[in-house]
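Chemist: Sharing a structure, written as structure tokens. Questions coming.
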């Protein structure tokens, strides 16, 4: 009995060594080097790309941002994005929205330049759609060369005619090398028309959990894996031709298909709607500033080098700082407007104006 027990134990040992039952397979998987997310030096990056306040500068040099979004149902999102850009330090902020949304958005703030140019299907006859689509594009293109960055998607909605018009606007922005930050329903549009951004290095996608899931399913044909989150994000960014993706989460993960950076600055446990809109405006401003600095000075002696990645890191960091500060004051009653009001102080704490 003892001998047979010893033999049995030895057989068990050999089975474990050979990997039956999956133990050696698990060891093998663990031994494979995985892509690791590098914690970004976010505050130093933010300082490096934020322009100084100089009396010699004129209106517009600190950034001109345009938000493409806003329809009958959704007027808050484009306002949050556009006003956040101004609160951070952009000089001018435009909103291109539908005619129904324009009076509402204008009433929120006189600081925004609101263009009631977009149309939805219900207000356009079938025989007029082509002519109106061309007219919308012509009117928006008149402004395009003035902008340092577009934000596409906040409050856009999913009306087919409206999305078709926005697709043409995005194509023209790409031809003009205007950076594009894509959020909200802009991500719905892009997920179904990847060619709009595929291979465009000045595009930034800012998906939340569900938007990211749809992108992964569409591009990688698999489910989201949290254990290999950095590796999967890297593959996704590569799969869309090197666009920059800011995956929102407990820590924001950012990749352009070359590296993966994380921003783990503590934000807020309060998940009120509209925070993604603040982030899109924030990323747009910092992307514009990073690009301006790189064009003017060349190597900024910071890493990473890509303006889209730098802008995403800085935008994420500031948004998180502001959310944390707002939560300290308002706790459970924290709203998006409270976070917006903390953007200026949060930036001042990191990068004091001189």
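A Cβ is built for glycine as well, from the same backbone N, Cα and C atoms used for every other residue.
The structure displayed is predicted, hence computed values, not measured ones.
Grabbed the feature section from Swiss-Prot, which reads as follows:
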DOMAIN    42-350  domain 'YjeF C-terminal'
BINDING   155, 208, 209, 210, 211, 212, 213, 214, 277  (6S)-NADPHX binding site
BINDING   248-252, 267-276  ATP binding site
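Could you place the listed features in the three-dimensional structure?
Modeler: In the three-state DSSP scheme, residue 213 ((6S)-NADPHX binding site) falls into the helix class.
With a 10 A radius on its CB, residue 268 (ATP binding site) counts 21 other CB atoms from all the protein chains. In the three-state DSSP reading, residue 268 (ATP binding site) counts as coil.
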Chemist: If you measure from the C-alpha of residue 248 (ATP binding site), which of the binding-site residues 209, 213, 277 fall inside 10 Å?
Modeler: 209
Chemist: A 10 Å Cβ contact count, applied to the binding-site residues 155, 274, 276: which residue has the minimum?
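Modeler: Ranked by other Cβ atoms within 10 Å, the binding-site residues 155, 274, 276 bottom out at 274.
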Chemist: For the domain 'YjeF C-terminal' (42-350), what's the model's average pLDDT?
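Modeler: Taking every residue of the domain 'YjeF C-terminal' (42-350) together, the mean pLDDT is 96.
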Chemist: Express the distance between the Cα positions of residue 211 ((6S)-NADPHX binding site) and residue 268 (ATP binding site) as a whole number of Å.
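Modeler: On Cα coordinates alone, these residues lie 21 Å apart.
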Chemist: I need the least crowded one of these binding-site residues (213, 248, 250), counting other C-beta atoms within 10 angstroms of each C-beta.
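Modeler: Result for the binding-site residues 213, 248, 250: minimum number of other Cβ atoms within 10 Å at 250.
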Chemist: Enumerate same-chain residues with a sequence separation of six or more from residue 209 ((6S)-NADPHX binding site) and a Cβ-Cβ distance below 8 A; give 'none' if the list is empty.
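Modeler: Spatial neighbours, sequence-distant, of residue 209 ((6S)-NADPHX binding site): 248, 249.
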